[in-house]
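Enquirer: Sending over a structure as structure tokens; questions will come in a sec.
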Amino acid sequence: MIHHPQRFVDVILPLPLPGKFTYSVPEEMNGELQPGVRVIVQFGKKKFYSALIHRIHNEEPSGYEIKSIETVLDKQPVVHPELFEFWEWIASYYHCSLGEVMKAALPSGLKLESETRVIFNPEFEEDKNDLSSRERLILTFLRIRKISSVSDLNRADEKGNAYSVIKSLLSRGAISVEESLRSGYKPRTETFVRLAEAYSGESRLTELVDDLSRAPKQQELLMRFLEYTRFGNEEAIPEYSKKRLLEKVGTTTATLNTLIKKGVFELAERRVDRLSQYAGNIREGFELSQAQEQAYAEIEQNLEEKQVTLLHGVTSSGKTEIYIRLIKKYIQENKQVLYLLPEIALTTQIVQRLKQVFGDKAGIYHSRFNDAERVEIWNKVLNFDPESDENQYQVIIGARSSVFLPYRFPGLIIVDEEHENSYKQFDPAPRYHARDAAIVLSHLTGARVLLGTATPAIESYFNALSGKYGLVELSERFKQIELPKILTADLRDAYKRKQMRGHFTPLLFEEIEKALEANEQVILFQNRRGFAPFIECKTCGWVPKCKHCDVSLTYHKHNNSLVCHYCGYTIHHPTNCQACGSNEINTKGFGTEKIEDEVSLIFPEARIARMDLDTTRARKSFEKIIHDYDSGKIDILIGTQMVTKGLDFQNVSVVGILNADNLLNYPDFRAYERSYQLMAQVSGRAGRKYRQGKVIIQTSEPDHHIIQQVIQNDYLGMYKGQLAERKHFKYPPYYRLIGLVLKHRDKREVERIANQLASMLKRSFRSRVLGPEDPVINRIQNWYIKQFWLKIEREISIVSAKKKLQEILDEVKTQPGNSGVQINIDVDPM
Ligand code: ADP
Ligand code: ZN
Ligand code: ZN
């Protein structure tokens, strides 16, 4: 092969700077480089980054001194260069740099920077002969220091550049990078039984088997070992997992130990694939019901004709079973499938259901996984080979960032619960929407997209009705179980008549009581966590607020503290009012913790669990609550919207929504749409298996049209009403929104700059500018915040609008005195 001289590369640096950066290629690296390969380059005076090669060329740039590449990290690309087109779309549409997209796309294990902190793994068993002298040096350094930055390791390395050493140690599991610390990283090892060298010859072995005839258990163990390892078929010394061997043979460790003492076997620790292997039984998908069969056929038809299809199926209609059937079809065609789910739903039953059908063909990509696991999945997706028979990941089940995995043969992308706003990344940039990104990816790769939900986003339904997307409706529940019966309980009335018990109306109270008597389960939904949203002095009205944010502190009873839900600032509950000294301090409003407290008093016999951000921080706690509830160890589950995410329980007969008013009254143009979605989704948890369930909505406005629409399961009514509002007030889907967020440490400065920006914006965008406004919380972590909205007609080119916008922002930022301002752009804010 002839290598053409490679003189320059353009790389993507993981930085919020526009453009690509050019470096020269040292002669010895000539021929090694390809687009998509990572290299270490210096940027700025001291900093080193792993950058991605975007293009290789011979065009010498002029005007600045060119640095050369320090190190090449990969032999093969870690990203298919074809994917860059997708990255470029994200960068351009969501208005950020390619580097920011790179940061979002690559798992941290593939992103080394000089500031990255590297951590020693105490459980790593070092095999001296395996490591190079440089690797041993770095490992020793780390063993003493426990944790160190990449730049310190560079100094320790004999060549002054430890990147390739770090990379190799990372892949052995000897070290990890910082993120792993938080997720409790441990490389998985497993004990293997291996045949001692001395017995590896055929004749010695035959002798041995004869010798053991008086120890039948030992003999059996040996024979089975040889059978499982298919001794004789392979050159290598046979090994087998100790655990599995003992399980399969059904013998004790004692037998094995005897053979080890006799020198027949040895034990060896082996690092195994961290991605745990599926151990359960594989089942076929269920046979579809007639209605499901019909929907499936329509979906197939639509997928042939349209890029995107929306499946609007009521809760518990069996959407998951339909997805399963569809995924099977794409697997048979040797395609890759991406199944997107909201983050939290990834830890639940849905994943188990999919694992049951797809076993080790299904991989999960999740933020609670550590770096090494994520890098392994990345590589498996990257190296997927449609021709190979080996068990490979062909179905990826993942949260929004899995849209960035390097698929080469994607056939289908399913976006489950497509209405969920957690598909949108708020911070940092890229502020992308995974559903919309998936649709763009499908256009670039030829894959198809299926959106599924019981409560479509207004934008999606709009696209479906206008013919842009295919639309499939599935309006009956599986086994034709009726949708739950929804009743309202009038809060105002119950308070007036003094009938409330804590936050429970008589109706909700009675229904819970009946359910408990019948041994059925209850779900109680309250939108807020904590005990009380705030406390207030009864005498003077003083409310304790966060020092850093403009928000009142939330009372948490279990540790008697007041916590800021925006920054985590925590203080002890004061005994006296800090304004007037009074000791009469009241709690106001209520959160999940308060409800839990009340339930335990009102229903002392019931077994209760609470599911919210506070109780599910640990990696497995969410699963545990779900599992306990599912297996009937819990009677009443109290939770925030987490209880709505893709859960399928058999025995829930009552769902209570404690206060619908605070959903409806949220100041946002999507508040009604979201309230509808939330209430319909929570209600959908009731009566899924055997018979009709009941839902009680507590509200002071029982006649509110949104509540009435929830009761009548009138999605279309909600949709039409909201659409009219959207049109009238110039919101999506008729207009595009671009949000601008200004932050400054100084309150007066942010106001001044916001006003300056306002007049400049209005000169170009006129009445399309809304703002400056105070957001709901106008100070977070000591940043004062102002916001704007631009409402842009669909007919206007968004590209030129954004270009104009960028010009204005650049101008504002470079004005004297404006350097302290930060401005974020959020395209299609949620
Ligand atoms: P959805 O995702 O639409 O809310 P699910 O797929 O979770 O609905 O289905 C609801 C319940 O009905 C689940 O327990 C599921 O296993 C069961 N189910 C759905 N379709 C079938 C089927 N064809 N055969 C057997 N069980 C089914
Ligand atoms: Zn007071
Ligand atoms: Zn705060």
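For all residues, glycine too, the Cβ spot is worked out from N, Cα and C.
Residues annotated as Zn(2+) 1 binding site in TrEMBL: CYS537, CYS540, CYS577, CYS580. According to TrEMBL, the feature Zn(2+) 2 binding site maps to CYS546, CYS549, CYS564, CYS567. Per TrEMBL, domain 'Helicase ATP-binding' is recorded for 300-474. The domain 'Helicase C-terminal' annotation in TrEMBL covers 547-729.
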Enquirer: Write out, in the order they occur in the sequence, the residues of the chain not among CYS546, CYS549, CYS564, CYS567 that have a C-beta within 8 Å of the mean position of the C-beta atoms of the recorded Zn(2+) 2 site.
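Expert: Checked against the 8 Å cutoff, the neighbours are LYS547, HIS548, VAL551, LEU553, HIS565, TYR566, GLY568, TYR569, ILE780, GLN781.
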Enquirer: Would you kindly give the Cα-Cα distance separating CYS546 (Zn(2+) 2 binding site) and CYS540 (Zn(2+) 1 binding site), rounded to the nearest Å?
Expert: 19
Enquirer: CYS537, CYS540, CYS577, CYS580: which of these binding-site residues put a Cβ within less than 6 Å of any ligand 3 atom?
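Expert: Among CYS537, CYS540, CYS577, CYS580, near ligand 3: none.
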Enquirer: Would you kindly give the Cα-Cα distance separating CYS577 (Zn(2+) 1 binding site) and CYS567 (Zn(2+) 2 binding site), rounded to the nearest Å?
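Expert: Cα-Cα distance, CYS567 (Zn(2+) 2 binding site) to CYS577 (Zn(2+) 1 binding site): 23 Å.
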Enquirer: Out of these binding-site residues, CYS564, CYS567, CYS580, which one has the fewest other C-beta atoms within 10 Å of its own C-beta?
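Expert: Counting other Cβ atoms within 10 Å of each of the binding-site residues CYS564, CYS567, CYS580, the minimum falls on CYS580.
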Enquirer: Please report the DSSP secondary structure of CYS537 (Zn(2+) 1 binding site), reduced to three states.
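Expert: DSSP assigns CYS537 (Zn(2+) 1 binding site) to strand.
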Enquirer: With an 8 Å cut-off on Cβ-Cβ distance and a minimum sequence separation of at least 6, pull the same-chain contacts of CYS577 (Zn(2+) 1 binding site), or say none.
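Expert: In sequence order, the residues whose Cβ lies under 8 Å from that of CYS577 (Zn(2+) 1 binding site) (at least 6 apart) are CYS537, THR539, CYS540, TRP542, ASN583, GLU584, ILE585.
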Enquirer: Which one is it: of the binding-site residues CYS546, CYS549, CYS564, whose Cα lies the shortest distance from the Cα of CYS580 (Zn(2+) 1 binding site)?
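Expert: For CYS580 (Zn(2+) 1 binding site), the spatially nearest of the binding-site residues is CYS546.
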Enquirer: Could you check which of the binding-site residues CYS546, CYS549, CYS564, CYS567 have their CB within less than 6 A of ligand 2?
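Expert: Qualifying residues: none.
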Enquirer: Show which residues of the chain containing CYS546 (Zn(2+) 2 binding site), separated from it by at least 6 in sequence, have their CB under 8 Å from its CB.
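Expert: When sequence neighbours closer than 6 are ignored, CYS546 (Zn(2+) 2 binding site) has SER552, LEU553, CYS564, TYR566, CYS567, TYR569 within Cβ distance under 8 Å.
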Enquirer: Indicate the candidate from CYS537, CYS540, CYS549 with the smallest number of other Cβ atoms within 10 Å of its Cβ, considering only these binding-site residues.
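Expert: If we count Cβ atoms within 10 Å for the binding-site residues CYS537, CYS540, CYS549, the smallest count is at CYS540.
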Enquirer: Write out, in the order they occur in the sequence, the residues of the chain not among CYS537, CYS540, CYS577, CYS580 that have a C-beta within 8 Å of the mean position of the C-beta atoms of the recorded Zn(2+) 1 site.
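Expert: Other same-chain residues with Cβ inside the cutoff are LYS538, THR539, GLY541, TRP542, GLN578, ALA579, GLY581, SER582, ILE585.
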